[in-house]
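As written in Swiss-Prot, here are the features:
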ACT_SITE  201  active site, proton donor/acceptor
ACT_SITE  405  active site, nucleophile
TOPO_DOM  1-17  topological domain 'Cytoplasmic'
TOPO_DOM  39-615  topological domain 'Periplasmic'
TRANSMEM  18-38  transmembrane segment
């Protein structure tokens with residue numbers, strides 16, 4: 001009788017889940033149809049006369065484009081919430097480049113009020129496009145009510161910077177802080193079994209210590225200090241002011257602010273950080289005088305999103321004979337398929353194989369923006385880049401904000417590596433982490449017991465890890481580290497001894513990595529394109545004049561699966577909001593959430609935990 005009831009209950013649960021999923025899917029399809037219909041009927045704003053491009057970046061920058069922006073915008077409109085958007089850095093640069101040659105576009109306006117900032121390499125890339133735009137004789141104006149450090153860095157590329165009359169410029173330097181869990185694990189009686197190689201492999205320190213080791217701190221202080229020097233130097237050159245005008249020491253800063261009776265707006269003016277202070281109305285009058293008025297009586301501007309819809313799609317593929325394929329590897333490298341935040345080894349390998357099989361593809365640019373992740377998935381990706389090289393297709397790596405640990409593993413054997421001066425790279429090291437809870441469950445009166453045929457059979461999380469098993473894990477990790485050294489040695493044409501001195505988990509900034517031979521050139525994505533063309537022509541009797549740069553993406557990803565993934569992510573974020581968790585608890589949850597991304601089949605990771613938190 002019990003079995004019958006159990007079976008009936010399972011059937012009812014299945015029917016319930018099926019009905020709920022069908023209803024939800026129907027709702028999603030209906031909403032997509034409504035969005036498509038409404039956007040199809042809505043005409044894109046276009047300049048009817050000469051005006052300026054308004055670069056109103058409402059959100060944060062990433063390499064990959066969010067294909068569900070209309071969906072996200074519609075949901076934001078429905079629930080009345082402002083949700084920051086994911087904006088592709090490459091779309092921004094593409095729009096600026098097109099505007100430079102557009103006779104109707106007479107200038108560029110940076111509205112940075114809702115821009116959430118980005119890493120310095122992305123800002124440098126956009127800044128380079130802005131500088132080129134200015135060289136064409138077109139003015140660039142930047143405005144924000146208040147400037148964060150990242151917003152101001154981008155604004156510094158403009159001809160003129162305007163600040164609201166009660167605004168401020170928040171430049172404070174760079175810092176990085178990690179959470180450490182050893183005491184918490186001790187209180188919970190969790191035993192973390194850590195197997196690693198590398199003096200500076202700080203990825204696992206949070207589970208072994210309550211503070212940062214002296215070696216990790218020295219390494220971080222070096223590259224963080226260099227990054228800050230690069231920030232100050234760039235702003236100084238862009239604004240044509242002395243470096244010591246950017247940020248004085250704390251004592252001098254306070255003295256100047258007190259002398260101005262705490263007026264941070266006047267302080268920004270006095271330091272030469274802004275051109276002038278204005279009200280919003282004053283700014284519109286100034287822009288109207290420069291670019292004319294539109295039909296609404298305001299300055300004649302076309303918004304970034306509207307302008308982008310009038311341009312050819314950057315992701316469009318064309319039937320041309322000479323292509324340079326671009327493949328993005330963005331986020332933590334995981335085993336399996338990619339999602340919105342992670343780069344799946346199987347997905348990236350499939351895209352690279354597509355470029356391999358396409359005879360029109362002459363070279364591949366691997367765009368890497370990753371702190372690493374699964375050792376297995378990283379090697380699957382690297383093997384596909386080698387397959388491209390074996391058939392004569394050069395592979396050029398363009399590093400973004402970071403290409404560390406697994407991100408460097410997949411880069412190291414490329415034909416040529418280009419990094420930004422502020423790219424975080426290196427972190428050559430490997431680890432395995434295996435926690436056991438035998439003491440935790442004892443505290444609540446639970447015990448684990450059983451039998452095994454050998455000492456190696458029981459790797460339960462509720463039993464102590466046998467010494468032979470621990471020795472096996474450590475031996476495999478040491479082999480993994482040696483393999484890392486071999487790969488880098490082969491790819492960079494350095495001895496293993498030389499690589500080992502640069503390895504041990506040390507993090508390097510792009511400029512130092514260049515000096516040490518870990519990268520070939522300091523430059524942007526544009527230099528990667530130029531190098532790809534050069535390498536192709538070096539291998540051919542007849543030089544190719546025209547190349548088509550095309551982004552290769554995964555054909556297997558459907559809009560519905562992306563929408564469902566985004567909906568799930570949004571629901572998780574909404575749950576955190578509804579719970580009303582304090583900010584420190586939310587930060588703790590995010591830190592620990594990193595562990596959920598770890599899915600390597602052998603539990604081996606090439607990951608730089610400390611590479612993405614500079615603020």
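Note that the numbers count up from 1, one per residue, in the order the chain is shown.
Using the three backbone atoms N, Cα and C, a Cβ is placed for every residue, glycine included.
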May I ask you to report the DSSP-based helix, strand or coil state of residue 405 (active site, nucleophile)?
coil
Cβ contacts of the residue listed as 'active site, nucleophile' (under 8 Å, same chain, 6 or more positions away):
203, 371, 372, 427, 428, 429, 606, 607, 608, 611
Take the topological domain 'Periplasmic' (39-615) and average the pLDDT across it for me.
90
